[in-house]
């Protein structure tokens, strides 16, 4: 743990941020249903409202996140981290004051705006901050710890919500969000886009797909070759779409990470769009059942990222962990879709122990394949692609979910939209296997050519 001592304040900020953000999730479905369709268990209007919010938020984040990441490379992480942590306070304050219909719709608009600047940006900037302070050999474990701390915030927030009245939930969440913003400004040390160059914080990166595909063995060395920046300096200070495209297509590892991120995020956001309303319609879930389910998800993710991943990452490498995580993610989503009893979703949630490997593994691959002064923009591009998945997810799965939960469904299969989301995660798994095979072939070819020379 001494390798990650410089990240302590970031972990505190991350924990508080996600604690306040996730505390309100078990209650928000009931609040939305009460405002839009009072007294009903099924409501297409509420599903469409949530889907529209996710789509607009994803579209905004798609544009904003790479820009914010690039600005953090230039002006430091702390200044840009202040943006999502501060903006997140406003929606919580609104429902902390009142939950009438008027306040709900004001919250709805404020939450869309906040979502554009919060979730994806917080994710991107925290990963860039970690990459600034941790060398490549320990970076997968560090990303896992960051995700584990976030999951701990998720679990703590969900558990707290389980014992609070709905009104108190939003008040406590708003107060914790304010503490997170204050803590960040007072205690978090600043970090620029350029990593330190000493042995304890060496920036960089593996030079070929061959070394990338055998990262577990390469990680035994803490002294790597420094990559040159993949992008020329931006004259206007901001990256153009062509710059971002050039960055993501500059290597098989980056293009593969982008493709996997898109399909996995599409499946994830499809699941998120449908799950709460599906469980409410199929099994009559309410606030307490949602809290119990989210608690299992968060606990499994926390266990995986704080304990399992730091142990396995140096042994297996992030590529194998990614494949295992994607397989677990497929199983996780498919079991939700075919759930035949109220307890099956709880069993399905346990597979988060494996699926929690996915995002830290992708982020590690990305960070190892860009230069130290491109960590922000690279992580921002990946977050932007994830946001693109969050745009398409609601657009595709909201009408599909509403259709199969309505009285005019074509056939009786309420989990059909979730099953379709599972096929998106399956595509991500197939892509990861193909990329792994391509990297292995390239490595063997390089070895043969080296021996012949």
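Glycine too: its Cβ is placed from the backbone N, Cα and C atoms.
Quantities reported herein were computed from a predicted structural model and do not represent experimental measurements.
Looking up the ranges 245-266, 267-288, 355-376 in TrEMBL, the one annotated as transmembrane segment turns out to be 245-266. It is 320-338, from the ranges 320-338, 434-452, that TrEMBL records as transmembrane segment. Nonlocal intrachain contacts for the transmembrane segment (245-266), taken as residues 6+ away from its ends with a CB within less than 8 angstroms of a stretch CB, comprise 209, 212, 230-231, 239, 322, 326, 329, 358, 362, 365-366, 368-370, 374, 377-378, 381-382, 385-390, 392-393, 396, 421, 424-425, 427-428, 431-432, 435, 438-439, 442.
Highest Cβ contact count with the transmembrane segment (7-25) among the listed stretches 102-130, 170-188, 320-338, 382-405, 411-431 falls to 170-188 (criterion: pairs under 8 Å). Summarising model confidence by region, the domain 'Major facilitator superfamily (MFS) profile' (6-440) averages a pLDDT of 80.
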